[in-house]
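Asks: I am attaching a structure below and will ask some questions about it afterwards.
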Amino acid sequence: MVPQKRSRDDLNGLKSPVRSPKKIAMPAATSASNGVVAGWHSTIEKVVKSVVSIQFAQVASFDCESAVVSEATGFVVDTEMGIIMTNRHVVGAGPFCGYAVFDNHEECELVPIYRDPVHDFGFLKFDPSKIKYMNVQKLRLCPEKAQVGTEIRVVGNDNGEKLSILSGFISRLDRNAPDYGDLTYNDFNTEYIQAAASASGGSSGSPVVDIDGDAIALQAGGSTDASTDFFLPLNRGKRALECILRGDKVTRGTIQTHWMLKPFDECRRLGLSASNEKKQRELFPSTIGMLVAETVLPEGPSAVAATEGDILLSVNSTPISSFITLDSILDEAVGDIVKVTVERNGAEITFDIYVQDLHSITPDRYVEVCGASFQDLSYQLARIYAIPVRGVYVSEVGGSFRLDGQGNESKGWVVDSIDDIDTPDLDTFIKVIAAIPDGRRVSIRYRHLRDLHTTNFTITYIDRKWHSSFRLAVRNDTTGKWDFTDLSKQYPVPKKDEIVPQRATFTDPNLEEADAACAPLSRSFVRVSCMIPYKIDGFPRTMRQSHGLVVDAEKGLVLVSRSIIPYDLCNVSVTFAESVVVPGTVVFMHPLQNYAILQYDPKLVHADIETAKLSSTPLKQGDPVLFMGHNLSLRLVTTRTKVSDVTAITIPPNAGEPYYRALNLDAITVDSTIPNGCTAGVLADPKTGVVRAFWLSCMGERTEGRQHEYRLGIDTSTFLETVQRIRAGKPPQERFLDVEIASVSMIQARIRGVSPEWIAAVEQDNSQRHQLFEVIRTATPINGNSQALKEGDILLSINGKLLTTLTTLSEAGDKEQVTIKLVRNKKEEEIQAPTTDSAFETSQAVFWCGAVLQTPHHAVRQQIKKIHSGVYVSSRAQGSPAYQYLIAPTNFITHVNGTATPDLETFLSVVTKIPDNTYVKLRIVTFDNVAFACSMKMNYHYFPTAEIKKEGNEWVGYSYKDGKRVKESDENVEEQVNEAEKQE
C-alpha cells in the first residue's frame, strides 16, 4: 500500500539501530557463489508466479482508515480456493473493492474473506478459473524458517512498480510491533521481524522469501528515515489460513491487555525477581526479555485483576516467553476462563480472567445518516487511548455532523449524546437519530479521543433534504461486500408548520453622541450560515457563515456576500440577535459583483429589525464614514474612518480549480485596520446613518494550501437598483458583458494607440482618476459563438458614454446589445457586442461512480478558451472508481465507449445502459487541453448513479435503477402518513 511508510516505528518513537549478534557472520552479496546466484534465480522465477499487484479502494472511511485508493502486493497461498495473503491495512476494516494483476498481466476481481482484528494480515479471494494463460503457483507459509542472518528477498510492487525484488538479511526476530501513530491502524501483541531491505510504498503485503522460495514473513511497514523494514511473522496467519481451508471460524481471543516485550534489565527495574529471571532464562535461553502489561483497558476482562507493569509468567501453567504462545492459548480459549500468573512488585499473583471473543469488539457495521457515518468504538482505537471499548465513533464527518471545527480534526470524534439523550452504543444512536424530525435543531455533546477531558457542545441542523440516506451497512464475509439496509422508514411522520415564531432582542452599540444616528444599524445585521451539501462549481468549502444586511425587514430581504452563498444548492439559515434562527432561501446571485440576496419569513421573527437605508450617491476618496461590522468573534465593532481609495481591482483566479470570484468591481478601502478583521459590515454616513457601502469578503486564489480572501467595500449604488426591483416584486434580470476588464493608465493608453482627443476627454470626465479599461479575459460563450470583444481591447465608450468608471459598464449591460468604441491593435473601431443573461447558474449535477459532473460553470468559461464538452468533472469522492482511475476535477468527459457526450442528458443516456462491474472506455480532455483515454470499472453497489436537478425554484433528486430514471419521492414518508391516518 503506497502510504505504508511511517516515521514512528518504536514504542518511544525513537529509531532502533539494526544490530546483528556478533556471532552471526553476515555474508556480503558480492561474495555469493554461482550456485547461490543460480538458486536465487530459480527461486524468484517460481515466486513471481504467485505474487500479484493489488489495485484497491477502501470505499468508505471506517474505524482507523479513511477512504483511500492505493496499491499493494499480495501472494497466492492456495490455488484451489484462490486465496491471496496480504496486509490487514490493505484489506482494511471497512468496505473494500479491488483486483489483482498477475505476473502475465491477467486481471482478477478480489473479494475480502478475512481481516485480522489486530495483526497486520488478511486474506482476499479470487476465482482461479479466470486465470487462463498462466499456471498460478502458491507459496508455502514457513514461519519457523525465519532466523537471524537468513538471507531474504522481498518480492513485490515496491514504490508502485509492477515487480521489484529487494534483498536483505534478517537482523532481529524480537522487535515490538512498530508504532504508526494515533488515530490509525497499529498492530500490537506480536513480535516483528526486522531487516534492512529499503522497501517503500506499494510493497505492503509482499512475501519475504528464503532461498527455498518459502514465505517466512510478510512485509508490513518500515521507517521513512532509514532502510529498516518490519516484517510480520506468519505464525498466526498460517493458523488462520488453515482454519479457512477447513471451513472453520478463525477464533480470536483477548483479555483486553496490551503487552510489550521488555528486556530483562528493564523487567528487573519493574520488580522481576532474580529467581523468576533465572527460571525464564533457563527455560528460554534465546529470549532477551519478558512480556509486561503496557495497557489494561478499563471495563475489560483484565481490568479487575491485572495492572500496568505486571510481568507475565504463565497462562494456564504454560510459561510464556513470546506473543506467539500467548496468542495460541487465548485463541483456543474463547469463552473460557484462563489462569494468569504475573509478578507484581516482586510477588507472584495468579488470577482467573475470562477470554473474550476479539471479533465481538471489532466493528463490522456502520450507519449513514444526515451526510455522516457512525460506528461502535473499536478495540483498536480504545487501546491507543486506554478507554473502555464502548461509545459511538464518527467514521466520517459531514452533512449535519461537521464536528471538525475544533482544530480542523476530521476524525477522532466520539458522540456522547444527541438531543440531550445519551448514545452509549450504535443501536441507541440509531433509535435517537431516527426519532428526530427533519429540519430540527438539536444539541450534540461530543469529545475528541486526543482530548477526552474536554467536552464539546454544539447545535446542529438535522438535514434530510440533501442527505436523505439513512441506511445500515453490515459486512458480509461470504460475498465480500457490505449489505445495506434502508432505515428511513424509522423516520417520524413530518409535521407541518413546526417552526414557531420567536422573539429576539438586539443589543445596542456603544456609540458616541455624534454617531447616534448609526445606532439603529446594529438591528439591521443578521448572521447568515450556509451549509453546502455537494461540491459543485469548484467551491472549496462545505460550510460558510458571515453577517448579512437586512435591506427590507417587511419582506425579509438580506444582502450577503457570494463568498458565503456560492450557489443556491445549499441550506441557508438566518440568525437574529444570536437568539432566533429561521431558514432562508436564495433570491438572487449577482454573476460578477460578489453579492447575493436572501429572503426569510418575517412572520417567524418577533424583533425590532431595522431596514437599512441605502444611499444612491457614490462614495468618493476622503469621505468620512462610520464602519460598523462584526469581527471573527461575532462581536459588533465600530470605528470612525475615511475612504482611502475607490479603485477597480482584479482578484486573481484560482489556477488549480476555477470557482466564483468577483469581477469588474470598484473596491472601497478605508483608513483603518479594524474592518480588515471583519467579514461583513457597512460604511455609513455618521450624521444620517444612511449606508454608503457594504463591507464583505471576496474569495480569492488558493496557494500552498492557503485560501486567500479579500475584504473590501462595494458602493450601495452597485446593488441599489437590484434591491429596489426585488422589493417591487420584479425579477432583476441582470445582463452584463461577459468579459473581465482592468484599468489602463493614460501613458499605457497613449502607447497603445488611444488618441489625444480621447485622453483629453477622459481627463475632463473623471477628475479623481484618469483611466480607461482594457479587456484582460473573455469568457467562452455558452452558445459556442465567438466573443465580439477580444483580449487587449481598450474600451473607450459604451452606447456613446465615456467609460471611465465601472458604474458606466454596469449600467450599459442591461441591454441585449451595446455599441462599443474601442482601440484594437492601435486602431479605433466601433462594434456591436451582445450581452449575457445572468440566469445561467448551475441547475443540474450528476453523481456517477464517485464523480460529481455538471455543465461547465461560469468560472470555467472565464478561464478556458474552449469548452471541450458539456460534461465537466467538478469533484470526486475519496475511494471511488473516479478517484481510482484518475478522473480528476476540471476534466471534461467527451466520449463514453466511443459515443460523444456533448451534454449531461446524452451522457446519462449512455452510462445508464452500462452494466455494473464492467469496464467503460472514456475519452477525457484536461483543463490544459490534453486529451487521453482511460478505462474505469463500474461500481453501482457503493456508488450508484444519481442526479439532482433544479425544476422551477426547487431542486429535485433522481436515481437510476436498471437504467431507468426514478424520481426521488418521499415514498417512505407518505407510507408513514397513511399509516398514521389509519391509526387515527
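A Cβ is built for glycine as well, from the same backbone N, Cα and C atoms used for every other residue.
From Swiss-Prot, here are the annotated features:
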- HIS89: active site, charge relay system (ACT_SITE)
- ASP120: active site, charge relay system (ACT_SITE)
- SER203: active site, charge relay system (ACT_SITE)
- 268-346: domain 'PDZ 1' (DOMAIN)
- 756-826: domain 'PDZ 2' (DOMAIN)
- 51-241: region 'Serine protease' (REGION)
Asks: Can you give me the Cα-Cα distance between HIS89 (active site, charge relay system) and ASP120 (active site, charge relay system) in Å, rounded to a whole number?
Replies: 6
Asks: If you average per-residue pLDDT over the region 'Serine protease' (51-241), what number do you get?
Replies: 93
Asks: Taking the Cβ of ASP120 (active site, charge relay system) as the centre, count every other Cβ atom within 10 Å, in any protein chain shown.
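Replies: Counting Cβ neighbours of ASP120 (active site, charge relay system) within 10 Å gives 32.
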Asks: Relative to the Cβ position of SER203 (active site, charge relay system), how many further Cβ atoms are located within 10 Å?
Replies: 31
Asks: Please work out the number of neighbouring Cβ atoms within 10 Å of the Cβ of HIS89 (active site, charge relay system), leaving out its own Cβ.
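Replies: HIS89 (active site, charge relay system) is surrounded by 28 other Cβ atoms within 10 Å.
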